[in-house]
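Comments concern the structure below.
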Amino acid sequence: MKKIAVLTSGGDVPGMNAAIRAVVRKAAFHGINVVGIKHGYEGLVKGYLEELDLGSVGGIIQRGGTHLNSARCPEFKEDAVQQQGIENLRAAGIEGLVVIGGDGSYRGAMDLVKKGFPAVGVPGTIDNDVPGTEYTIGFDTALNTVVESIDKIRDTATSHENSFIVEVMGRDAGDIALWAGLAAGAETVLIPEEDYDLDDIVARLDRGAARGKKHSIIIVAEGVMSGNELAKLIKEKTGKETRVSVLGHIQRGGSPTARDRVLASQFGAHAVELLMEGKYGRAVGIRNHQVIDYDMPEAFEKNHEADVSLYTLMKELSI
């Protein structure tokens, strides 16, 4: 194998640049050239290619976002569009592709594999919702951003004796909400994987107030409902106002944590090894502190499951 390509797809996450860097440097170590595909699958179809070398990836490991830009490309589901992408790759002499992204990105990569083009996947999503791996690139940074934000919100909540609802990302997965809730000492956490009980939420707030607590923090993943919707339900139930803070896209940005940089470096390097070994249609992941790989369809054919033990602990500690 003499030339491979790398692209980032879907939502950007901190650590993608570290993964791109690792792909380029690992490939260079083995004498393999790397081409970067700009703007994800859209760039693959439109031929937005650029040569990457050691200089191209110098000084990017600490940067958030993605050096290659990212975009969503719904039309890539079409056979003719996929075939155009493969033709562009082959015309450029590219023999394998590393795709960094979430389950949707993996589906696109697997479509290429089914059409005979070698591709492997690297998990990059702040939601930490790719089945088969315990952690994804970007989750740790996003989690730290959320916890830091909640700490600051709690400062003002304490000063003004207010209750706050903090809405975080997580359309189908509640890992950010759950982990942040435990780390920030939230009174209540609502995640998509578990049913919520409004009476229980109110009871928890009342128990805190009964022992003299003047403020509280409720975290809700966007996939459950919006923070404003929850505030309305609580007011209808109790007559009390709760402030709402929607963290939004701040969760995607920022310099990646050391953990995300290391994880991304391990994942990117292992992806190159898979291509060199002729192991296509594989996804990189980590389990029990070991970098592993597994069949890519497992990453999008199974549903993400929340850590039940963490959820139970969260409820026990927020009595």
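From the backbone N, Cα and C atoms, a Cβ is placed for every residue, glycine too.
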From R154, R252, the one annotated by Swiss-Prot with R21, A22, V23, V24, R25, G185, A186, E187, R211, K213, K214, H215 for ADP: R154
Further ATP ligand in Swiss-Prot, beside R72, C73, G102, D103, G104, S105, within candidate set G11, G15, G31, G36: G11
Annotated companion of T125, I126, D127, M169, G170, R171, R243, H249, I250, Q251, R252 at the substrate site, Swiss-Prot, chosen from E148, E193, E194, E222: E222
Shortest C-alpha distance to E187 (ADP binding site) - which of the binding-site residues S105, H249, Q251: Q251
Rounded inter-Cα distance in Å - D103 (ATP binding site), R21 (ADP binding site): 22
From G11, R25, C73, G102, K213, H215, the binding-site residues whose CA lies within 10 Å of that of T125 (substrate binding site): G11, G102
Densest Cβ neighbourhood among R25, R72, K213, H249 (binding-site residues), 10 Å radius: R25
